[in-house]
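So that you can see what the record holds, here are the features copied from TrEMBL:
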type	residues	note
DOMAIN	1-381	domain 'Major facilitator superfamily (MFS) profile'
TRANSMEM	32-53	transmembrane segment
TRANSMEM	65-84	transmembrane segment
TRANSMEM	90-111	transmembrane segment
TRANSMEM	123-141	transmembrane segment
TRANSMEM	153-172	transmembrane segment
TRANSMEM	206-230	transmembrane segment
TRANSMEM	236-255	transmembrane segment
TRANSMEM	262-281	transmembrane segment
TRANSMEM	287-309	transmembrane segment
TRANSMEM	330-349	transmembrane segment
TRANSMEM	355-375	transmembrane segment
Amino acid sequence: MLMAVACGLSVAGNYFAQPLLDVIGRDLHMSSAVSALVVTVAQVGYALGLILLVPLGDLLERRRLAVVLCAATAVFLAVTASAVNAAGLLIGTALTGLTSVAAQVVVPYAATLAAPEKRGRTVGTVMAGLLLGILLARTAAGLLSDLGGWRTAYWVNAALMAVMALLLRLALPRLRTRAGLTYPKLLGSTMALFAHEPVLRRKATLGALSFAAFSVLWTALTFLLSGPAYGWSESAIGMLGLLGAAGSLSASVAGRLVDRGLAHRVTGIAACLLLASWALLGLGGPGGALALTALLAGVVVLDAAVQGVHISSQNLVYALRPEARNRLNSAYMTSYFVGGAVGSALTSAVWNAAAWHGVCALGGTISAALVTVWLTEHRAAGRTSSQGTVGV
């Protein structure tokens, strides 16, 4: 449970800005286009951390690495909270994103500590903490912004991350995996894994598409709900994270199904649900009771679907080479968050051009691509199975 909380707190600071884009923009005199960049910069920083820092878990002692990254995240959250202009905000956000990959050191750490027959459930629980952090960050940010301004959310998270660094230092066992490589060779081996492991490439593609769809929704929701159709306050928008959190509870269910050997089926069902969710979300644009009901239902379905794709894919990736789990996680999660950054960036442009219906078309297109990739993989797995080889 401590690991799940650590994951949630680590990533939360990357998402505080989403329900606060409007109020931050007014305070720091930023245009809506520049304000939207805050989300993209956080995800790009996170992707760089995945590439440069997460592989160190196969070289350094993992507890120490997780503690150092948590402490650094606390410092950079304080930098963000102190920003007086757009440049300061973006720099603090980028650095926070870079070191908040502590979560991605903790996840393979938990997978290594877990018994093989419980690995799916363990990863599902820890990843549920991560997604809850992403979603509840919006709720906390809205409430804290109403209480003390938008900076309060960052100051509170900085304090909590400092405490978490201490708790991890005291509670977790030491764990070192000796890769026998220098740092440059370690990074090179991460790229080599991506080149030589087709399962990793396929699962990374599925993960990237699912998180791109997730980012499309949560980037655009702020603009929709704060606009004339709904006119919600920052705290009300943030409360929507509580609803999204309900979808994240599917992580533990997905993990149990993965432990029963149903990973590929879980991915397919989740992919279809993701596509269907955009039909519901598309009905939510006009405002009013019926539109709001469809919107809320779409949020729950989408978040549950994203978790299903992610947990099933990540567990299969971890099973490839247990001695290289941090590097496998680095390759997979880099693709995952690059997908999120692309989704956020595209959303900003599409919103300006076609508003909510354009955003839903974008999300639906991404989700349809995911279903197509899964169907291609499904056919390939069926052919392999018919030849007497276990499919993925």
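Yeah, the Cβs are placed from backbone N, Cα and C, and that goes for glycine too.
Just so you know, TrEMBL annotations never went through curation; they're auto-generated.
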Across the domain 'Major facilitator superfamily (MFS) profile' (1-381), average pLDDT on the 0 to 100 scale: 87
Proximity of the transmembrane segment (123-141) to the transmembrane segment (236-255), 3+ C-beta pairs under 8 angstroms: yes
Candidate ranges 65-84, 206-230, 287-309 - greatest C-beta contact count to the transmembrane segment (355-375) (under 8 angstroms): 206-230
Contact between the transmembrane segment (236-255) and the transmembrane segment (287-309) (at least 3 Cβ pairs under 8 Å, separation 6+): yes
Among the ranges 32-53, 153-172, 206-230, the one whose Cβ pairs under 8 Å to the transmembrane segment (330-349) are most numerous: 206-230
Same-chain residue ranges lying at least 6 outside the transmembrane segment (287-309) that approach it to Cβ under 8 Å: 127-128, 131, 135, 206-207, 210-211, 213-214, 217, 221, 228-230, 240, 243-251, 254, 266-267, 269-271, 273-274, 276-281, 370
Cβ contacts under 8 Å made by the transmembrane segment (206-230) with residues that lie 6+ beyond its boundaries: 15, 18-19, 21-22, 32, 36, 39, 43, 138, 236-237, 240, 244, 267, 270-271, 274, 278, 281, 284-287, 291-292, 299, 302-303, 305-306, 309-310, 313-314, 332-333, 335-344, 346-348, 351, 356, 359, 362-363, 366-367, 369-370, 373-374, 377
Same-chain residues near the transmembrane segment (90-111), Cβ under 8 Å, at least 6 residues beyond its ends: 3, 6-8, 10-11, 13-14, 17, 37-38, 41-46, 48-50, 52-54, 56-57, 62-63, 65-66, 69-70, 72-73, 76-77, 79-83, 119, 122-123, 126-127, 130, 133, 172, 175, 314, 318, 325-326, 328-330, 333
